[in-house]
Amino acid sequence: MQQIRSDLQFIDHYINVFKRSWGSYLFFFLGINLFIEAIIIPIFTFLTSWILKLSHIPYVSYTNILEIITHHPVGSLALILELVLIVGVIFFQFTFLLTGITNIFRDNFSLKEVWFASWRRLIQLRPTSVLFFIGYFILIIPFANLIFKTPLLNKAKIPAFIIDFLLTKWQFALLLTIAYLIIFYLGLRLLYTLPLMIIQNYYTREAVSKSFSLTRHQNLANLRRMLVISIYFGIISAVGYLLIIFLQAGFDKFPKPFDLIMAIIMLAIIQIFSTFIATLVSFLLLQMTLPTEVFKGHPTFYHTNRINQRKKKIRVTTIVLISFIALLSLTNNYFYLHNNDTPPLRISHRGVDDGNGVQNTIPAMAATIKEHPDFIEMDIHETKDHQFVVMHDENLKNLTGVNKAPYQLTLAQITKLIAHENGHSAHVVSFDDYLAYANKHHQKLLIEIKTTPHDSKNMIDIFLKKYQKDILKYHHEVHSLDYNVVRQIKFKAPEVFVSYILPYNFTYPQTPANAYSIEQSTLTDSFIIEALFNQQKVYAWTVNTDSEMNRVLWLNTDGIITDNLSSLDGKITDFYDDPSYANMIFNYITVIPYNNSMTSEASV
């Protein structure tokens with residue numbers, strides 16, 4: 001209890017520090033984020049698109065990294081230089097933030113002085129410092145995000161489907177847990193390193209050594225303090241959100257358009273409130289990274305009148321900035337609350353709903369059809385005799401126990417096998433039979449074409465010759481992770497609807513695809529907006545949890561691929577079928593961790 005009391009005193013002390021110069025701190029944090037979101041990120045987005053266009057690189061994914069390096073050396077070098085530039089901007093932002101906080105604390109805040117001081121530190125960076133900084137924000141990103149968040153690192157994440165896959169095998173899950181624990185431990189031990197390098201100009205090795213010394217026997221205390229801060233403000237946030245939801249539930253009983261007007265205002269209040277809480281939490285966590293010796297003595301209060309006059313000007317400027325962002329947010333809020341007329345396509349992943357059968361089999365499809373999905377997503381592989389079998393995995397062992405790949409067996413051999421999953425069993429099925437059943441029951445398919453190096457060179461020609469007529473007649477769609485498949489189909493059969501699967505959202509691709517099937521955890525609102533401008537659709541995969549469903553519904557995707565179709569139906573009903581504004585605000589709150597700032601709203 002004594003330790004927790006100490007943590008609460010820490011919170012209370014720095015809340016008072018924040019209150020004393022709230023205008024400067026809010027202006028500083030909001031201004032930085034708005035500048036990054038509205039200016040820096042669009043510049044880098046344009047630069048990336050320009051490099052890709054000049055280099056004739058249609059897309060960037062881990063599936064074509066080697067090809068980019070070997071076939072586009074100039075483009076590769078330009079992208080690497082851009083990455084170095086981004087790292088430099090992140091370092092500058094972190095330096096700018098720490099320098100500004102210390103100057104505000106000492107009542108010596110000058111934006112011009114902070115800018116030049118940060119710039120001097122950037123150009124004085126030693127190569128070892130640059131390497132350490134890159135390593136810190138790549139290897140220790142899960143921990144670093146607790147302390148320092150920047151929109152420039154929003155895409156630095158492991159896609160959810162990779163985590164899900166690793167967690168299915170206990171060996172991988174154990175290794176992943178150990179890796180996270182090691183990273184978290186290093187993050188705690190290196191807590192003071194960057195501030196020592198930036199504020200006190202330590203050499204990298206000295207800063208690391210000093211940080212290890214300062215954090216000796218302090219890891220649990222620092223971890224506890226972070227948890228106390230999180231819980232403290234989590235409770236405050238929950239109370240604030242619940243109060244606003246209850247108020248809106250009352251306003252929903254009023255006649256139109258008063259209920260909508262109040263919902264727009266209530267949502268703006270939530271955005272202001274969440275931004276303020278996020279700023280305060282960031283401020284407190286950053287204070288934890290600053291060594292005690294940085295703040296020896298108390299801040300000076302000379303020239304009190306001049307300082308007070310400066311504070312008044314900054315507070316007025318901050319209020320104007322917040323008002324400007326709030327007005328932009330009101331516009332976004334109107335469209336979010338008012339323009340929800342078209343629900344997304346409901347797409348069953350591999351033809352199942354909550355484990356109601358064996359993936360990619362007719363019995364599972366038959367059960368799922370009863371839920372009336374807009375599409376059933378399924379997978380096909382080419383067989384040894386150049387036929388197509390409905391199968392996701394490149395090896396049959398996981399489902400059938402047979403340690404063979406589809407290309408090693410004929411269709412007749414494969415369809416004799418029985419697959420087992422979710423307590424169900426069913427024969428592996430040919431694509432001919434699967435397609436015929438879907439056509440008979442007027443069920444549209446989203447056909448994923450799987451490829452391997454063993455496929456026949458004319459596989460796409462075989463596929464189109466055999467299935468193009470049915471695909472067009474019954475309005476089926478195709479998607480693939482292989483860009484060559486997308487390119488060939490759009491060239492040879494341009495009327496076929498084709499989506500290109502993106503396992504990671506690096507940047508917006510320039511391809512002839514009709515749509516993009518993108519991994520949901522890396523999907524952003526900017527990607528959705530760019531797709532809208534390019535008249536291309538966006539399907540999100542694989543969306544299984546309530547929070548994921550709320551998020552992609554809020555992003556207004558064109559289609560949602562899920563293993564839990566019935567759960568998605570319930571979410572869509574809540575979201576679109578005459579939902580209460582209180583419920584829509586609640587749905588918004590659930591996505592605040594992904595989009596928790598007014599600056600994000602304003603920059604869209």
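Each residue, glycine too, has its Cβ placed from N, Cα and C.
Worth saying up front: this structure is predicted, and the values here are computed from it rather than measured.
Among the features that TrEMBL reports, transmembrane segment is placed at 25-52 (among others).
Long-range neighbours of the transmembrane segment (83-105) within the same chain, counting only residues 6 or more positions beyond its ends whose Cβ lies under 8 Å from a Cβ of the stretch, are 17, 21, 24-25, 28-29, 32, 36, 40, 44, 111, 113-115, 117-119, 121-122, 125, 130, 133-134, 137, 148, 150, 152-153, 194-195, 198-199, 283, 286-287, 289-290, 294-295, 299. The feature transmembrane segment is assigned by TrEMBL to 83-105 (among others).
The transmembrane segment annotation in TrEMBL covers 125-148 (among others).
Among the features that TrEMBL reports, transmembrane segment is placed at 168-188 (among others).
The transmembrane segment annotation in TrEMBL covers 226-248 (among others).
For 260-286 (among others), the entry in TrEMBL reads transmembrane segment. Within the chain, the transmembrane segment (260-286) has long-range Cβ neighbours (under 8 A, six or more residues past its boundaries) at 10-11, 14-15, 18, 25-26, 29-30, 97-98, 101, 146-149, 226, 229-230, 233, 236-237, 240-241, 244, 247-248, 251-252, 254, 322, 326, 329-330, 333-334, 336-338, 581-582, 584-585, 588-589, 592, 596-599, 601.
Marked as transmembrane segment by TrEMBL: 316-337 (among others).
Annotated domain 'GP-PDE' per TrEMBL: 344-572, in sequence order.
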Check for me, if you would, whether the transmembrane segment (25-52) reaches the transmembrane segment (316-337) - at least 3 Cβ pairs under 8 Å, residues 6 or more apart in sequence.
yes
Averaged pLDDT score, the domain 'GP-PDE' (344-572):
95
Intrachain neighbours beyond the transmembrane segment (316-337), with Cβ under 8 angstroms and 6 or more residues off its ends:
22-24, 26-27, 30-31, 34, 260, 263-265, 267-268, 271-272, 554, 581, 584, 588, 598-599, 601-602, 604
